[in-house]
Structure formats: structure tokens, C-alpha cells
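*Asks:* Sending over a structure as C-alpha cells; questions will come in a sec.
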Amino acid sequence: MTDRVEINGLKIARELHDFAMNEVLPGTGVDAETFWHSLSQIVHTLSPRNRALLSKRDDLQAKIDAWHRANRAPSDLQAYEAFLREIGYLLPEGPDFKVTTSDVDPEISQIAGPQLVVPVMNARYALNAANARWGSLYDALYGTDAIPETAGAERGKGFNPQRGEKVIAWARKFLDESIPLRNASWADAARLSVKDGKLAVDFDGAAADLADPAQFTGYSGEADSPREVVLARNGLHVRIIIDRNHPIGSTDRAGIADVVMEAALTTIMDCEDSVAAVDAEDKVLAYRNWLGLMKGDLEETFQKGGTTVTRKLNQDIRLTAPDGSPIKLPGRSLMLVRNVGHLMTNPAILDRDGKEVPEGIMDAMFTALIALHDIGPNGRRMNSRAGSMYVVKPKMHGPEEVAFAVELFGSVEDALGMRPNTIKMGIMDEERRTTVNLKECIRAASERVVFINTGFLDRTGDEIHTSMEAGPMIRKGDMKQSTWIAAYENWNVDIGLLCGLSGRAQIGKGMWAMPDLMAAMLDQKIAHPKAGANTAWVPSPTAATLHATHYHQVDVKAVQEGLKSRTRAKLGDILSIPVAVRPNWSPEDIRQELDNNAQGILGYVVRWIDQGVGCSKVPDINNVGLMEDRATLRISSQHIANWLHHGVVTPEQVMETMKRMAEVVDSQNAGDPDYEPIAPNFEDSIAFQAACDLVFKGREQPNGYTEPVLHARRLQKKAQDRKGAAADSSRG
């Protein structure tokens, strides 16, 4: 039984209450009585409306299901569009407008660059991400497949000089392209110095300067013998580290020991899809790490290579400007926080009727209270120098739900004494009803919006669930080539530019999900800035370092200017449904699809349920590591549910596949000492039961979301573990 403290009609888990009282409130300028009174008022005012919005989702889905049962996949798109307008799914588009968001940090409003998303419950990951503002290009190239392991350039255990030479050559070529010298190459540089406020590069007696002297930002150390020189292109900095005593610098003609990229400009500290937070214990862990990030004192100590390492937040970088004045560059990524959406409740707080409080309301109040340690009256201003708090709000369906979030944020600001519109909003364009009404969604948050982002993973899950009754969907791997997805990606950019986001907000693109395949990422992910996105998601600090090179190659502001005049993507294309009109899959095709989906589901769910790990690199059926979170789970589970519903596969076939793939997942996790095998005790495995629920009850899940099943089963597993621990203790 959870120990609770009752205040103003709220029954708060003692763990959360004590955390707020002892750790969060001191230093914010907000007194405890005001905080709890305001939280109660917000909960009891807004919770009924939150529930009404969820009921509207269900009502619209029921009408769409009935329409598809009568019509199947629409051959008459005009009739389908008219139906969606009639039921209020597709809303009238209002006149053109421009967003008016103000007090936005340049990392969001002005500079294009990579964005990390990291589970805030993992302090080490969170610190690594925050510190990924800067990343070693040498390390990123040497340690990944970005440099081929051919012609003697294998990674191996020790340092390979041949591989090192290829890394240095790659980096010098990058410098030649990004920050060119006048009539010279960085490959031939012998010495760097600063003379008369300009960078001078010597070449054994000859000298060259930058083709564009304005690219020189500053240096540290002595002008005649700097420790580093800092250059810039498209607003992104590059630090050339000079150290002739360093193992690399000592062998380099110019003494260059490293090239350090400005990499993850922004990081989303995630309380949502990449975490498993089901109760007060979990929420306190998430909030405590967010608190440490906002106060600047988060630390994590761990063992690495037999030594104890303590990780903390990096300090700002102090430099001398070309004119001799002191300047600072931020040492950390600008942090946003992703709250949960409108769907879930959490037992951490109960309302006066004993109902669990909507988790999105709880997140808004607690993450904002914590942010006061950065932007409040006594705040450090070490995250947002502009004095704003950035909240990414996921999984909203249409402008009415965005307006509800805007009202929630306003209520939180009033409660905490924040100026109006201090809390900025990132809108995830990952639900179909938001996509088709995107302009009106942005209008609803026009004073707060700092971010729109296509999340094609969740968006595909919603696509499948919305049109579940239309027919069997095409194979999952074919989705990226479907008509709707290309239109969706372009539509997001088109609408964002139309609404004036350029120069004020981010227009983002989705995740590169293969953290080990960096050569492929370097080749392909440049498509995101070329498409007009001024940020895109990457799975690791290393990936951020490499993806940053794309923003040197592409001037996103110029791309956006060019795109403003193109013809807008077509609504009809977005509304086209990816059903297989005449499926002709062979039994082998079906088996492969089923195996792939089932293995992905089990590989992710078993860690979520048994270990509380919400985001991890899960080997796929071909043992390629993929970053999995609830979005990928939503697609896979909905896809099997769809094929089951339309008779492409049978329940027996699916169950046989799930059991067979459980053995594959067990073998893939054989090296994990904390792993609990699924097979052969399928009935006893809560994780296996959760995976089966997601598939066999997939049509019943609200909008195809996985959270209700995952939360219920994780709570069951935690209770089982506590019971087992108590039994062990009594025996001991």
C-alpha cells in the first residue's frame, strides 16, 4: 500500500511529496502551500477536460472504423475527405498568420544543428547528452564505420596509426570544405597563430589566411602559440585543439591533437517514450535528474576500464575574441524536457475522488517548478540565457488538444509566478489528426511554439490504427516509400515556413535509428537539412558529432528561403491510406514480416517490463542494433494486429512466431546477467504476456498506444519483484 500525504484534496505518494518539499521547492521562491494549492486547483479544473478530449478521440475513431467497414479503403478520396470534415476530424483552415514566440535561445531560433533525445531517468546518458554540445571528430571517425576498416585501417584493440592517418585526412578535407584557406590546404598546415586579430596558418615559411576571415571566432592561450583556435560556419563552431605533447598532436606537423565539433545544439531530456516511469518511485527518479540538470549539480560515478569515473556537466568555454575581448561559448547542449502526452494517468498522485491524476498535468507542474532553478528569480541562467523553459509536448491530436496544453502551461505559469509565455512548446507532429490540421495546431500555440517535428515512427503507428478497418496494410519496410509519408514530411516543412517558424523555431526531422551504422548516416541524413529541417534527431553523442558536418555543408536558412515558394504538399496525398490493394505476399514474405515484427516487440518489451528500461539498442532479426522506444513498438504491434484482423495471419501463427522469437531474444540477451529468459515458461513471463497483449489486443488500445499495457504489466512485475524480495528477506 502506497504511503500518501493528503493536501488540498490530493493524495500524494510520500516519496514524491518529500522530494518536492525537501529538494525542489527550496530556492525556487515558491512556497509549499501555494504550490500544493495550485496543483490541486489545476488538477481538479483541467482533469475532466483532459478526459473529455480522450473521449473525443475514441468517438472519432469509432466513426472512422464504421466508415471503413462500410467502404473499406477509399477509392473516392473526395468522399473520404468530405466525411472527415463532416465528423470534425478535418477542420477548416484559417487565414495565414505568423507565430510571435519571443525570448527564444539562438540554439533553437537561429542555428541549425543536431538534436539528441535521451531518457532523463538515466543520469549517465543525460549527462553525456548535455555535454554533447561538443564532440571529438577524431574519436567519432576513428571509433565508427565512418572510416572503412580496409587496407590496414582496422579498429583493433590498440591505436592503429594507419587508421589514424585516414581520420586526420578526413578531418582536414572537412576543414578545407567548411572553413577553406586562401590558396592552401589544411592538410599542409605547419603552425597556427593569431596575428593582428586574424588567424595565420604557416606552411614551412609560406603563410595563408582564411578565405573568409569572418569565420575566425577566437582562441585560447597565447596569440603566438594558441591552445586552440575556434572557427565557424553557418553558426556552428569548430575547435582546433593544438597540443604538441599529445600522442596525436606530437605526430602532427601543426600540432593539431583534435578537431572538436559543435554538435548537439539541443537535447530533449525525455520523460516520455524512452523511459519506463509507472509510479512515484520512477517519477521521482526522472524529476530528480531533471533537477540536477537545472541546478547544474547532477553527477554520476561509474566504473570504466577498471577506474572510477565521475561525470558532471561541462563548464562554458572561455576564449579571446579576434579583437582581444573575452568571450564565452556554451559548454552544454540547450536542454528541453519532453513531458508525457494527454493519455496516461499515474498513481503517484490521486485526486479528491481517488482517481489517478493525468500524468501530463503532473509533468507540467513539476518540470516547470524544477526549471525555476535555472530561470526563476534565483535561477542560474546556465541552460536558457533567454529565460525560457522548453517543453516538448507529444502525441496531441489536433488544435483543440494543443489549446488545452497551452491553457495548462498558462495555469502553471500563474501558479509558479512565471511571466506569461515563459513555457515554450514543442509540438510533435506524430498523430494524423495533428498533421492534417497542423496550421491550426500551430495557431493555437502561436505565442509559445518553438518546435515542430515529424516523428514518422509514431505517425506510422497512428496511420495504421486510424485506418485499421480499411484493409491489410503494406509491409512495414515499404511504409517509407508510401505516398502519404513523403507528403507528410514536406507538409510539415511547408506549413512551418508558412507560419513563420524560420528564425524563431525549429522545424525538425526524425531519428536515425541505427547507432552503429555511421557511414550510412553520413551518406543519407544530409537529406534532412536539405529538406529544410534546422534540426534532426540522432541516437548518440557520436552521431551528433558526425551529423553536425551536414549543417556545415548545407545552409539551412538558404534552403528554407528557397522552399517558401514551392507548391505546398497535397492534403489528398497525406490522406491516402497505405493498404495493400491486392496483396500477393508469398508465405515466406508473411513469415519474414511476422518474424521481424515479433522479434522487435519482444526484444524491447522484455527490457521494459523486467528491467524498467524504456530505450535501448535492440538487435533486430539480422542482429543489427536498432534504437527502440515505444514508437517503434507501436508500429510493430499495430501492424501484426492489422494483419490478424484481416486474416493475413492467424492467431495460431502469431503465437507460434512469438514463442519462436522469444528464444531468439533470449539468445541475443544471453550475455546480460540481469536478463530473465522468456522461454520456455511463457505463461509465467509477464513480459511475454505484455507482448501478446499488445498484439492480440492491439485493436482495442486507444489510438494504438502501448502505454496502457506496458504500465499495467510493469506495475505487476514490480509488485512481483517486491514480493520475491520480501520472501527472500524473511527466509534470510
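Just so you know, glycine gets a Cβ as well, placed from its N, Cα and C.
Here's the feature list from Swiss-Prot:
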- Arg338: active site, proton acceptor (ACT_SITE)
- Asp629: active site, proton donor (ACT_SITE)
- Val117, Arg124, Tyr125, Ser274, Arg311, Pro539: acetyl-CoA binding site (BINDING)
- Arg338, Glu430, Gly455, Phe456, Leu457, Asp458: glyoxylate binding site (BINDING)
- Glu430, Asp458: Mg(2+) binding site (BINDING)
- 718-732: compositional bias 'Basic and acidic residues' (COMPBIAS)
- Cys615: cysteine sulfenic acid (-SOH) (MOD_RES)
- 702-732: region 'Disordered' (REGION)
*Asks:* Are any of Gly455, Phe456, Leu457, Cys615, Asp629 (the recorded positions) within 10 Å of Ser274 (acetyl-CoA binding site) when you go C-alpha to C-alpha, and if so which?
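*Replies:* Qualifying among Gly455, Phe456, Leu457, Cys615, Asp629: Cys615, Asp629.
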*Asks:* Tally every other Cβ atom lying within 10 Å of the Cβ atom of Phe456 (glyoxylate binding site).
*Replies:* 20
*Asks:* Enter the number of other CB atoms within 10 angstroms of the CB of Arg338 (active site, proton acceptor).
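*Replies:* A 10 Å sphere around the Cβ of Arg338 (active site, proton acceptor) contains 25 other Cβ atoms.
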*Asks:* Between the recorded positions Val117, Leu457, Cys615, where is the Cβ count within 10 Å the lowest?
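*Replies:* Among the recorded positions Val117, Leu457, Cys615, the lowest count of other Cβ atoms within 10 Å belongs to Leu457.
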*Asks:* Could you give the maximum C-alpha to C-alpha distance in Å for the residues Val117, Arg124, Tyr125, Ser274, Arg311, Pro539 that bind acetyl-CoA per the record?
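*Replies:* 21 Å is the greatest Cα spacing among the residues binding acetyl-CoA.
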*Asks:* Near the Cβ of Asp458 (glyoxylate binding site), how many other Cβ atoms are there if near means within 10 Å?
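*Replies:* That number is 27.
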*Asks:* Ten-angstrom check, please: count other Cβ atoms within 10 Å of the Cβ of the residue listed as 'active site, proton donor', all chains counted.
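*Replies:* For the residue listed as 'active site, proton donor', the 10 Å Cβ neighbour count is 25.
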*Asks:* Tell me the Cβ neighbour count for Arg311 (acetyl-CoA binding site), meaning other Cβ atoms within 10 Å of its Cβ, over all protein chains shown.
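*Replies:* So the number of other Cβ atoms within 10 Å of Arg311 (acetyl-CoA binding site) is 18.
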*Asks:* How does the region 'Disordered' (702-732) divide up by DSSP, counting helix, then strand, then coil residues?
*Replies:* 28 helix, 0 strand, 3 coil
*Asks:* Whole-number Å distance between the CA of Arg338 (active site, proton acceptor) and the CA of Phe456 (glyoxylate binding site)?
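*Replies:* Spelling it out, the Cα of Arg338 (active site, proton acceptor) and the Cα of Phe456 (glyoxylate binding site) are 17 Å apart.
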*Asks:* Please tell me which one of the recorded positions listed here (Glu430, Gly455, Leu457, Asp458, Asp629) sits closest to Arg124 (acetyl-CoA binding site), measuring Cα to Cα?
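*Replies:* Given the candidates Glu430, Gly455, Leu457, Asp458, Asp629, the nearest one is Asp629.
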*Asks:* Using Cβ atoms only, which residues of the same chain lie under 8 Å from Tyr125 (acetyl-CoA binding site) while being at least 6 residues apart in sequence?
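*Replies:* Tyr125 (acetyl-CoA binding site) has long-range Cβ partners Val118, Pro119.
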*Asks:* Output, ordered by sequence, the same-chain residues six or more apart from Pro539 (acetyl-CoA binding site) with a CB under 8 Å from its CB, or 'none'.
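*Replies:* Long-range Cβ contacts: Met511, Trp512, Ala513, Met514, Pro515, Met627.
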